[in-house]
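Notes to accompany the following structure.
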Amino acid sequence: MDIEKFALQRANYMLSLFEFNIRGFIFLSMQLRKLLLILFIFYGNTAFASSEHGPELKNVNWSFDGVQGTFDRQSIQRGLKVYKEVCSACHSLKRIAFRNLTDLGFTEEEVKAIAAGYNIQDGPNQEGEMFERPGRPSDYFPLIYPNEQAARAVNNGAFPPDLSLMVKAREGGADYIYSLLTGYQSVPPKGVKLGENMYYNPYFVNGSGQIAMPPPITTDNQVEYTDGTIATTAQMTKDVVNFLQWASEPEMEERKGLGIKVIIFTLVFTILFYYAKKRIWRRVK
Ligand code: HEC
């Protein structure tokens with residue numbers, strides 16, 4: 001074999017090695033991109049969210065944050081109490097059924113008792129009339145106003161939105177609701193003229209800072225906690241936001257658990273396929 005031919009062969013070989021490395025590199029970087037995408041899906045709505053209007057949101061340390069986030073059920077149970085005793089005067093929660101509360105660690109009996117505490121409209125009966133009866137676990141949290149106009153009539157023209165999906169509906173999610181509830185300023189900045197019966201809250205999404213909701217959580221021990229937790233305004237706010245986060249996605253823990261399994265599965269198979277490919281193509285070189 002003359003030296004020229006040998007050199008050519010050698011060069012070809014080096015080239016193919018190089019090509020193989022490039023392919024492997026592209027393959028790996030594609031997998032990495034997939035991984036980043038999955039991470040983005042996990043963290044997306046919390047880590048990258050910021051408010052477009054108003055001041056930067058307060059950054060609260062939530063138990064449900066992150067890939068392995070879980071619900072703090074004690075806090076959510078207290079939050080239910082805050083919702084019932086404070087927010088439910090104006091806001092409905094129509095997508096949550098009483099039976100869903102078993103997720104929070106309530107027993108069937110406790111859920112029955114909570115449901116029975118509500119009057120639910122039912123009917124019509126034999127006489128064609130609607131009637132009220134105590135709630136059952138299969139009922140949903142009842143509406144508060146018969147219609148939107150009635151709601152606006154008693155809320156200074158504004159409509160208190162249903163809170164079931166509120167955390168999902170706002171950029172910034174839980175941080176936004178927390179910032180909003182704790183962000184009232186009793187004295188508006190100079191130059192802002194408040195409308196009648198309006199309140200100043202720079203976090204409110206409409207951008208003007210004027211909101212028709214009076215500050216709902218204002219004094220410590222406004223709600224009586226029975227589990228020993230001290231009911232500061234910050235604590236009650238955190239609890240009610242935890243509750244609303246759960247309400248907006250009760251199946252979050254399953255979703256995240258599944259996500260982790262998918263990532264592990266993808267990783268294992270990526271490695272496996274990489275070595276399988278290497279092995280299969282080894283002789284072709
Ligand atoms: C006295 C009635 C009242 C009470 C009590 C009340 N709200 Fe409201 N809420 C309103 C009204 C009215 C609006 C609409 C405000 C507007 O459009 O100016 C509103 C709006 C909201 C919004 C939507 C803000 C947005 O970005 O659109 C959230 C979230 C909210 N309330 C949460 C709560 C929570 C949580 C509680 C209990 C801790 C609560 N509210 C108690 C009347 C009330």
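Just so you know, glycine gets a Cβ as well, placed from its N, Cα and C.
Note that the coordinates shown come from a computational prediction; the quantities given were computed from them, not determined experimentally.
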* Asked: Which one of Met14, Met198, Met213 goes with Cys87, Cys90, His91 at the heme c site, as TrEMBL has it?
  -> Met213
* Asked: Widest Cα span across the heme c binders Cys87, Cys90, His91, Met213, in Å?
  -> 11
* To do: Give the number of CB atoms, excluding that of Met213 (heme c binding site) itself, located within 10 Å of its CB.
  => 19
* To do: Give the sequence-ordered list of residues that share a chain with Cys87 (heme c binding site), lie 6 or more positions from it, and have CB atoms under 8 Å from its CB.
  => Leu163, Pro216, Val240
* Local Cβ density at Cys90 (heme c binding site) - other Cβ atoms counted within 10 Å -> 19
